[in-house]
Amino acid sequence: METRAHLHREQSYAGPHELYFKKLSSTKKQAMEKNGNNRKLRVCVATCNRADYSKLAPIMFGIKTEPEFFELDVVVLGSHLIDDYGNTYRMIEQDDFDINTRLHTIVRGEDEAAMVESVGLALVKLPDVLNRLKPDIMIVHGDRFDALALATSAALMNIRILHIEGGEVSGTIDDSIRHAITKLAHYHVCCTRSAEQHLISMCEDHDRILLAGCPSYDKLLSAKNKDYMSIIRMWLGDDVKCKDYIVALQHPVTTDIKHSIKMFELTLDALISFNKRTLVLFPNIDAGSKEMVRVMRKKGIEHHPNFRAVKHVPFDQFIQLVAHAGCMIGNSSCGVREVGAFGTPVINLGTRQIGRETGENVLHVRDADTQDKILQALHLQFGKQYPCSKIYGDGNAVPRILKFLKSIDLQEPLQKKFCFPPVKENISQDIDHILETLSALAVDLGGTNLRVAIVSMKGEIVKKYTQFNPKTYEERISLILQMCVEAAAEAVKLNCRILGVGISTGGRVNPQEGVVLHSTKLIQEWNSVDLRTPLSDTLHLPVWVDNDGNCAAMAERKFGQGKGQENFVTLITGTGIGGGIIHQHELIHGSSFCAAELGHLVVSLDGPDCSCGSHGCIEAYASGMALQREAKKLHDEDLLLVEGMSVPKDEAVGALHLIQAAKLGNVKAQSILRTAGTALGLGVVNILHTMNPSLVILSGVLASHYIHIVKDVIRQQALSSVQDVDVVVSDLVDPALLGAASMVLDYTTRRIH
């Protein structure tokens, strides 16, 4: 009889993929006939330890949900079957998988010779198992010495091998093992675009490579356990608080065992000094692990009141522990890969993961040679919250892998073919080789409208959504989340891969924390607002936030007339006056994030009142609001309208009416525009004398009306040394959206390439 726990476990995993499986059911028969495979595909999944099971289990669950298409055999070996490492085979049984074969393959000793002997013992035992099971395909994960034995046996016995996580780079002997398995494997499932590029560079056949993401992310990104505090208390004690504890997981580095043991001592000393509740997991079975356990016992970690030392934590519970930790420290691949899904701060020690792609939540301490250095890292990282990272997956790996398995034609020759093409720039995401467009979600938070757009790497606005911007904080946040979720879903249909979210907003912004510190009067109830966290938590994407003037400058730098310019200034002439400064190719934020408030440069001590509370600012003269004010004055005095003009009774008088009147010969309107343009020109002269840029870009709806006056003022008022500056009108249609997108695209481009 199935227990409730089992039923809940099945439903919580199968639920997110149920629709996918139903969608495929109508085409299964055609797929089988097309691939010449008229029987079930017999898949053998071999798991060696707790770490690889967390990646293989989602695939196993997926296979199990389609018994009409697959037969699953499970082989368990390695440290799963050792008491000192938690007898972790039990979690496989608890997940209701039938274990076909258990192989005791570990020779104890935990040194280099024992690792070699363990590989030899596995090679002796595996042929009988594989002869008995006769799988069509064996799924092997990762870079462990046990996995090398599995791949060697299967390859020599003409069994097709599907390798998970090939092409990655870490930094130890694991690299050599991983790449050796790649050469033995017939099919590859990789997690990142860089890994895919590496596999192609290693001459693997691109048609047999699937960029799916990491299977563990399918569970990570859907993990929402409301009762996480009971898990935290179970492992760390009743008095511990969320975000106020540390998870430590450190393994030996087999190429430098002596140094890695010393580094482990320093880590424990630093954790003792840091004085926070800490969950310490025992190291894996690699050479040197025995010495690391001795260090733990020598320092009394198992009996220290601040520490809980455990051999194994079930993966579902481990997810909740790292998701709500104040920090994770060590050198486990889990820290640099899976933990990024939650934005939990990580301290990566030493060289074991030196080559891994990481999110911004990871702080590297490459030479962890002093306790103080590790302690400083703890002070820097503990308690922070970073954007969620999807470098290693988007939560849809298992459906892609199952589809990939179904596409395997058992009639094809088994012999591998190696390819020698140049590395391709654009590589497919799916088995169908559909080229995806790398894109960003861009959000423009304006005083009147809220706009969300899907923007491609080339600056093309693929699709745009516009809604009226609500007045209250709660309604505004809710609408932003709703529009972004809808746009992200639409992006899938449009074949766009969303890399992150960029937000452009008025006011003063702390881009490091993603917080709007003080907004403009146009956007009420919008001070000290954390925009990054709710969006990152909802979409599982990194999020960037900046001031709209800065975004306009970034848009010009990436897509506009500032491209390739080392020093330039952008001035936005719209409802208000804003801007951004690019100096030596980088955006200037200032010590309190108040740089480039160009609209509030004072050009007259007795000028009109400004919305900032001062007098005589450029914005008080040249902004859309200022022109609207002057237009209304003229209209109230019946001095605005000239022949050929009319204003409907239900239409408010604005800046465009003033401009129209000036064009039709209204002398007073022309005088107002000349004064406004002169004020703007004087502000530009001040900028030239302060920053000495090579280019000034006027952006916004009023730019074309001001440019000639601005150039005249520069000729009359500026020093001769700066008069040759180029002043141009921006040719970008949506600088705020493009600038928001550029924050995402610039960062991800640097990270990937």
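Using the three backbone atoms N, Cα and C, a Cβ is placed for every residue, glycine included.
Look at TrEMBL and you will find D548 tagged as active site. The N-acyl-D-mannosamine binding site annotation in TrEMBL covers R508, T520, D548, E597, H600, E619. Annotation comment: TrEMBL describes H600, C610, C612, C617 as Zn(2+) binding site. TrEMBL lists 68-406 with the feature domain 'UDP-N-acetylglucosamine 2-epimerase'.
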Exercise. Which residues of the same chain, at least 6 positions away in sequence, have a Cβ lying under 8 Å from the Cβ of E597 (N-acyl-D-mannosamine binding site)?
Worked result: G549, G578, G579
Exercise. Of the recorded positions D548, C610, C612, C617, which sits closest to H600 (N-acyl-D-mannosamine binding site) by Cα distance?
Worked result: C617
Problem set entry | Candidate nearest C610 (Zn(2+) binding site) in space, where candidates are the recorded positions R508, D548, E619 and distance is Cα-Cα | E619
Seminar exercise, completed: The most crowded of the binding-site residues C610, C612, C617, judged by neighbouring Cβ atoms within 10 Å of its own Cβ, is C617
Problem set entry | Other CB atoms, at most 10 A from the CB of E619 (N-acyl-D-mannosamine binding site) | 28
Problem set entry | Across the domain 'UDP-N-acetylglucosamine 2-epimerase' (68-406), average pLDDT on the 0 to 100 scale | 90
Problem set entry | R508 (N-acyl-D-mannosamine binding site) and D548 (active site), distance between Cα atoms, whole Å | 9
For this session: Give me the Cα-Cα distance between C612 (Zn(2+) binding site) and E619 (N-acyl-D-mannosamine binding site), rounded to a whole Å.
Result: 9
Problem set entry | Cα-Cα distance linking R508 (N-acyl-D-mannosamine binding site) and C617 (Zn(2+) binding site), given in Å to the nearest integer | 17
Exercise. Far apart in sequence but close in space: which same-chain residues, 6 or more away, have a Cβ under 8 Å from R508 (N-acyl-D-mannosamine binding site)?
Worked result: V516, L517, H518, S519, N547, S592, F593, C594
